[in-house]
Amino acid sequence: ARSAPTASDYPTTPPAGDPAAMAGETYALVLLSAAKWLTDLGIVWLVGVSGFRLLTRPGWPGFSRDLVGLEGRLVRYAGLALLLLVAATVARLYAQTYASFGLDEPVTGELLRVVSTQTRWGDRWMMQGAAVVLSALAWVLVMLRVGRSWLLFGAATLVVVGTTPLTGHAMGYSGGVLLPMVLQIGHLLAAGVWIGTLFVLLSVGLRSMASYGPKHGLVLAPLVDRFSPVALTAAGTLAGTGAVTALLYIDEVQQLWQTVYGRALLAKITLFGVAASLGAYNWKRVRPGIPSPGGTERLRRSGTAELLVVVVLLAVTAWLVHLPMPHE
C-alpha cells in the first residue's frame, strides 16, 4: 500500500522505453483526461443552473416567474449535472488507480480502496467527493421545496468548485499553493457563470418560453440583456485568471512551442479566442435582433456554436492539466 503519492499520482507523457509501457501510459493519460473533462462539464453545468436561477429570481423587472415548467426543469438539470459529477468522480478514481497500478496488475476493488484511502491524492479526492455529496443533499432540499434551499444549493456548488484544484497543478506549484488555487477556482467559476448559464438559458429558458407563442422573443430579450454583462464579466475573469496562471507555469516564451504543455496551452488560448469571438458576435449582432422574427432561432444557433467550441476547449484543458509543466 502507498502512504504518499508517487510520480504516477500526477501522470505525465509516456517515457521513452518499452512500447507496451508507453501504450499503457498513453491510455492512462486518456483515462485521466476524459474523467477530468466529464468533471469540468458537470461543474460548469452545475454552476450554470445556479446562475440561471439567479437571473430569473423574483424581483427582476420585466420577466415573469410563472414560465411553464421553469422550476421543474431547473431541478431536473441540477440533478442531471450531479449524476454526471458522481459518474466523473468514480471515473477519476478508476483512472488514477490505473495510472498508479494498471501497468503492473489489473485494477481491483482493493487497489481502488488503497488509492482512495491511503494516498494524499485519495485524501483530496475524498474531499471532492464529499463536496458532491453535499450538493446532492442540497438538491434534495430543493426538490422538497425547503425554504432557501436554492441558496444552500448555490453554496454547495461553490464548495464543489473550491475543492476542484486539490488534485491539479496548483498542489505541485513550487511557489506555494494559495495563488494558483485561487486562480483556478476563479477560472472554473467564471467558466460556469459564462458557459454554464448560457447552456441553461438556451435549453431550459427557451423551452420554458414556448408558452408565450410568437411573443416569446419579447420575453427572452430582457433576460439576455441581463445575462450579457454577467457573461462579459465572466469571460474577462476567465481570460485574466488564465493569463496569470500561464505566467506562473511558463518560464520562457519559447516553452509555448517547444513543450507539449505549451502547445496544448496555445490550443486552449486559440479555442478561447474563437469562443469569445462568438460571444461578442452574439452580444453585438444577435442580441439586438432577438425580439424580431427569427431572432430566437438565430440566438439558438450561434449560442450552440459557442457552446460546442467550449466543449472542445474543456477537453483540451482536461488534457493540459495532466501534462508535466514546462519546468518539470
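Glycine too: its Cβ is placed from the backbone N, Cα and C atoms.
Under the heading transmembrane segment, TrEMBL lists 37-56, 77-95, 125-144, 151-173, 185-206, 227-250, 262-283, 304-322. Marked as domain 'Copper resistance protein D' by TrEMBL: 223-320.
Tertiary neighbourhood of the transmembrane segment (185-206): same-chain residues 40, 43-49, 51-52, 55-56, 70, 73-74, 77, 158, 161-162, 164-165, 216, 220, 223-224, 227, 230-231, 234-235, 237-238, 241-242, 245, 275, 279, 296, 299-300, 303-304, 306-307, 310, 314, selected by CB-CB distance under 8 Å and a gap of 6+ residues from either end.
Note on the domain 'Copper resistance protein D' (223-320): DSSP counts are 87 helix, 0 strand, 11 coil.
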